[in-house]
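Please see the structure below; I have some questions.
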Amino acid sequence: MKNLKGIFSALLVSFNEDGSINEKGLREIVRYNIDKMKIDGLYVGGSTGENFMLSTAEKKEIFRIAKEEAKDQVALIAQVGSVNLHEAVELGKYATELGYDSLSAVTPFYYKFSFAEIKHYYETIIAETGNNMIVYSIPFLTGVNMGVEQFGELYANPKVLGVKFTAGDFYLLERLKKAYPNHLVWAGFDEMMLPAVSLGVDGAIGSTFNVNGLRARQIFELAKAGKVAEALEIQHVTNDLIEGILANGLYLTIKEILKLQGVNAGYCREPMTAKATEKQLAVAKELKEKFL
C-alpha cells in the first residue's frame, strides 16, 4: 500500500453533453492532477465526481479509467459508499481487484440509520472486500453526526485507517486526533485547510485541488513546518478563489477553468446544470486569470 498522507484531489469526471462519460477528458483530468498539480493521490468516486448520479456500471468505468491512467504513479482511494450496501460491496470488490490502495465509503444517508446499522455497513464492506477503509464523514449532506466514541468503535477494526473529515467541528477533529493519534485524518474543506493542519490532520482531500493543488501543498507544508503566517497568506488567496468558484457553481466552474488550461473537462451531469452560461464562462476566465 502506498503512503496515503498528503494532498489528494477529489477527482472530477468529464461528461459528454448527453451525460455519458468522456473517457478522453477523464484521462486528461487525471494527468493534469498528476503532472501539473503534483498531487500525492486521487480520491475517485466521491461527491466531486458527481458519483451519486451515476449507475454502478458507470462508477466501475470511472474506477477503471482512473487506475489505467494513473497506473502506480500516485496513491488511489476508491469511494464506494452507497445507500445500497450491495452496490457498495460490488464496487469495493471491483476497486480492490483493480489495485486501489484503500476504499472509502460515505456514511449511509437519506434514511435515519442507527449507529449499529452504520457500523454493520462498514464491517460488511471490509469483510467482503478485504481492503482498507476510510470513513467519509460529511454531516452537512448526510445528516450523520458521529462522536469520538462511535469513531472509536469503527476504528476497532484494524482495516479502518481513519476518516475523511468534511465538517466544520474542529473540536471533534481535535478530540479525534488526541484519542486516536495512529488513525489518519484527511481534511475535507479546502477553505479550512490551515486550521485543520494546525490540529494535526495527515492530509487533505479537495475538489479545488484539481486546479489549486500547488497552493494546497504550500499551505499544508508551511503549516506542518510551523510557518503559520506564511500559510495564512496563501490560505487567504485560496479562499478568495474558492469564494469566486462557489458563487459561480462549484463543479461547473472548476471544469471551465480546466478547459482554459487545455483540459477537456467536459460537462456536468444532470440534474446539475450541464453547461455554463456566458456569464459563468466569463467569471471562470476572470478567476483563472486572477488566481491561476
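Note: Cβ is positioned from N, Cα and C throughout, glycine not excepted.
Features from Swiss-Prot:
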BINDING   SER47, THR48, THR166, GLY188, ASP190, GLU191, SER207  aceneuramate binding site
ACT_SITE  TYR136  active site, proton donor
ACT_SITE  LYS164  active site, schiff-base intermediate with substrate
Near ASP190 (aceneuramate binding site), which residues of its chain come within a Cβ-Cβ distance under 8 Å, counting only those 6 or more away in sequence?
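Set apart from ASP190 (aceneuramate binding site) by at least 6 residues yet with Cβ under 8 Å, we have ALA204, GLY206, SER207, THR208, PHE209, ASN212, ALA216, THR238, ILE242.
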Suppose the aceneuramate site is SER47, THR48, THR166, GLY188, ASP190, GLU191, SER207. Which further residues of the same chain have a Cβ inside 8 angstroms of that site's Cβ centroid?
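Sorted by sequence, the hits are ALA10, PHE189, ILE205, GLY206, THR208.
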Round to a whole number and give the Cα-to-Cα distance in Å for the pair THR48 (aceneuramate binding site) and the residue listed as 'active site, proton donor'.
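The Cα atom of THR48 (aceneuramate binding site) is 13 Å away from the Cα atom of the residue listed as 'active site, proton donor'.
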Name the residues of the same chain, 6+ apart in sequence, whose Cβ is under 8 Å from the Cβ of GLU191 (aceneuramate binding site)?
GLN235, THR238, ASN239, ILE242
Return the residues near THR166 (aceneuramate binding site) by Cβ distance under 8 Å, restricted to its own chain and a separation of at least 6 in sequence.
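Listed in sequence order: TYR136, SER137, ILE138, PHE140, GLY188, PHE189.
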Most Cβ neighbours within 10 Å: which of the binding-site residues SER47, THR48 is it?
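Most Cβ neighbours within 10 Å: THR48.
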Can you give me the Cα-Cα distance between the residue listed as 'active site, schiff-base intermediate with substrate' and SER47 (aceneuramate binding site) in Å, rounded to a whole number?
12
Which of the three DSSP-derived classes (helix, strand, coil) applies to the residue listed as 'active site, proton donor'?
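SS state of the residue listed as 'active site, proton donor' = strand.
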